[in-house]
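Undergrad: Before we start, here is the structure in question, set down as structure tokens.
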Amino acid sequence: MTEYLLILVSTILVNNFVLVQFLGLCPFMGVSGKLETAMGMSLATTFVLTLSSVCSYLAYTYLLAPLDLAFLKTITFILVIAVVVQFTEMVVRKTSPLLYRVLGIFLPLITTNCAVLGVALLNLNKNNNFVESVLYGFGAAAGFSLVLVLFAAMRERIAVSDVPVAFRGAAIGMITAGLMSLAFLGFTGLVAV
């Protein structure tokens, strides 16, 4: 049980995919303009990351490995991620049309989010079992969501602040992201991974 808690803490805080491993930066910068959009994107990404971790593990363990087709893992994982994203898009469209319109192009772009493929490949490299794969995927998604929502909240506050002209827009966003990364660096050593 302690191992599972360590997996969650390490993926959420210590080895955060956005701020430490620099995966998923496109949606991090693109959707963080408004808190509402960031929360919707974080929910969709959490669902996709967790489900694609499960499906990728199952595809590799029960299809690729027994047939000695491990060299097809990247292509297979991309296909699995695309299917999961399409499923998520259909669910969001049916359950929340407003969120579907707000997320717009960013929802299908989860397919190209390198964090989703990175989680699937890292699960494989770490030789995680099924439960560890699910927790690793969920922890990565929770870490992504935490950082995305915090960053969106900060960007909303910065938008109403008096920022020097040279730093407005993407410049202050990158500076803020760098400071967040330094703050998360403080979690290093919290969990030995």
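Glycine is treated like the rest: Cβ placed from N, Cα and C.
Got these off Swiss-Prot a minute ago, pasting:
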TRANSMEM  5-25  transmembrane segment
TRANSMEM  38-58  transmembrane segment
TRANSMEM  65-85  transmembrane segment
TRANSMEM  102-122  transmembrane segment
TRANSMEM  134-154  transmembrane segment
TRANSMEM  171-191  transmembrane segment
Undergrad: Using a Cβ distance cut-off of under 8 Å, indicate which of 5-25, 38-58, 65-85, 102-122, 134-154 has the most pairs with the transmembrane segment (171-191).
TA: 5-25
Undergrad: So which residues does the transmembrane segment (102-122) touch in its own chain, when a touch means Cβ under 8 Å and the partner is 6 or more beyond its ends?
TA: 17-18, 21, 23-24, 26-27, 30-31, 36-37, 40-41, 44-45, 48-49, 52-53, 56, 73-74, 77-78, 80-82, 85, 88-89, 92, 136-137, 140, 144
Undergrad: For the transmembrane segment (38-58), find every same-chain residue at least 6 residues outside the stretch whose CB is under 8 Å from a CB in it, and list them.
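TA: Residues 24, 27, 31-32, 76-77, 80-81, 83-85, 87-88, 91-92, 96, 99, 102-103, 106-107, 110, 113, 115-116, 119-120, 123-124, 128, 130, 133-134, 136-138, 140-142, 144-145, 148-149, 151-152 contact the transmembrane segment (38-58) from elsewhere in the chain.
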